[in-house]
Each structure stands twice: as C-alpha cells, then as structure tokens.
C-alpha cells in the first residue's frame, strides 16, 4: 500500500464528499437505501476513532420529484426552488439514518462568500469545530437557495476541498459514480485506472469530462479539488460511492492523490483558493521575476496599470505582460492610491507610501 493510501486509511479527521448521483435516483428523489449504506460506512469509520465531516450533494436532485420535475433545471430560480425542497428532505434523511446509531446531525449551509470573507471563514470554522467537539455529524452543502451565480462554489468537489482545509482534515474522500481516475473515457472500454497520482506530471494526457445528468461535478472538478486539497497538505481518495466501505476502511480502492510535501500556510491558502479577487494589478516583466522567481514583495515601480475598484486588505490578481495571472495577493493600498504611485520608485514617494503594495508574506505565485 502506498504512503498516500496509508495516510488516508489512518487519518484521524476526514472530510467525505458524496455526489448527487450516489444519493438520488435517475428520475429525482432520494434513494434512502443508498444513503443508509453510506451512513453505515461513515459510522464504521467514526467508531474506528476518526472524526468525519460529510459534504453532501443532492439537494436539487432530491427536490425534483416532489416538484413534478423530471430533469435537472437549467435556470437558477428553478434550481433554487428545487434546492429549498430537497435540502429539507436531504437533512431529514441524513438525520434519520444516523439516528439508527444514536447520532445527531447538524446542517451547515455555506455560500462562497462564507469562505471568501475572513470573518465568515473563521465563523464557519468555529461552527464545524464545535459540532465535532459535541460529537454531532456535520452535513455540509452549498446554500443553493440563496447563492447567486456570482457567489457559487461551482460544485461540491471544490467546497469539500475548502472544508477539508477549513477543519484541518487529514484526508479528503470523494465518493461519486466513478471508481477512480482513468487515462481515457472508461465508458469506451479501453481506459486504464490510474491508481496513484503523486505529481502534476502524472496527469499528462488525462482527459476529464463533464458532470452527469443529476450533478455538476465531472472529473475536471474532481481533479481541481484534488489539486486544491494538495495545496492544503490534504491527500485525496477518489472512489465509487458503491465502494464506500472499502474507501473508508482501508483506502484500498479508487485513485489516491498525494498532498504536496509542504502545505501552504492557512493565510496563503486562503489568498490563493478561497478569497474572491476584487481587482487586478498589471505588472511588468521585472516585477514578475521579483514576485514569482525571487519571492519578493511587489513595489509600485513594477506596476503598469490598475483594473477595478478595491481597498487595502482586499485580494487582487497580478497579471504579467502577456495578461496571464502570475500571482494573487493582499494589497496594502486602495486602488485609487495605487493609481497615483504606480511606476514610481520607493525613493520618490512620501514615507507613509513606501510600504510594498503587496508584501511577500501576502503573495502567492500561481
């Protein structure tokens, strides 16, 4: 067994993400038998001594049949209506299932804004930590009923990776309708399972498709979530929901993704992955070398233009001469102030404006 699989198998704290297709029938509505089987596997892991946070998709899918809908809606309003009905059914089903073991569940609904803003980020973290301390099973989902198109995680794979970082999990397990990562389309019969991913190079040539009829998270989103978790120092196991028992017992199935050797600090992880960017700083080639290669602070002299309106403490994207993002960082000045000092050397500026525009400690190369 690989070191990554051993880490997942022995993890004391785990986030388990369960996709819509694992919980709902093809025509919509919850499949209680499948949900109970997943709860059984999670309960077994908790009895073995691990803390488990569940990120559960399925609210929209669970709301289809009660509303007389036969397929996943395309417009946001109908999706949110289905989610409002389905979320109630989903929470009740999880509560009923875990009640068989005398466990209490707590529902935690998050929007991207809750993760992007530091104050809400910390509050969500405290809530999840407290639920864990009280031995309740946290059932996390995106708050689909209020999340706008601009304030969405995109899919629950990304949400699960962010939650894994939020709670300091030792491992992330993604359970869906696929049994791992393949080097081609497994539906065509000539694809081979990739058991281990130890570096980005292992993904060369891998083609990732889109999601299924009842979900939004295809293989591309799972790979993105695995990379995100890797930055947080969290190994990932991707497996079929039907193999949940083995996945949570000994990590002997699916594809294992290794974490990066040195994890990003909590602040730098937030800057790179969780925070919404509020604007753009365009920088010259010399500044790109200073920021990316030498890991130096960004000074006014290297800035060529400012896009957007933002304030000191906001996160911005840094674009090089080719208009490609090269880093993200927390600015020390408002956009209007930066417009006044861009291109100038530090010596030309008054003492109160001689701080770096983005300090090296608040910069994350991409």
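All residue numbers here begin at 1 and follow the chain in the order shown.
Any Cβ shown, glycine's included, is placed from N, Cα and C.
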Residue among 50, 56, 57, 242 sharing the substrate site, where Swiss-Prot lists 144, 156 as binders: 57
Taking every pair from 57, 144, 156, which the record gives as binding substrate, the longest CA to CA distance in angstrom is 11
Which site among 144, 177 has the most other CB atoms no more than 10 Å from its CB, taking these as binding-site residues? 144
State which of the following binding-site residues has the fewest other Cβ atoms within 10 Å around its Cβ: 57, 156, 221. 221
By a three-class reduction of DSSP, residue 57 (substrate binding site) is assigned coil
Coarse DSSP state, helix versus strand versus coil, of residue 144 (substrate binding site): coil
In terms of Cα spacing, which of the binding-site residues 17, 219, 221 are within 10 angstroms of residue 57 (substrate binding site)? 17
If you compare CA-to-CA distances from residue 156 (substrate binding site) to each of the binding-site residues 17, 177, 219, which comes out shortest? 17
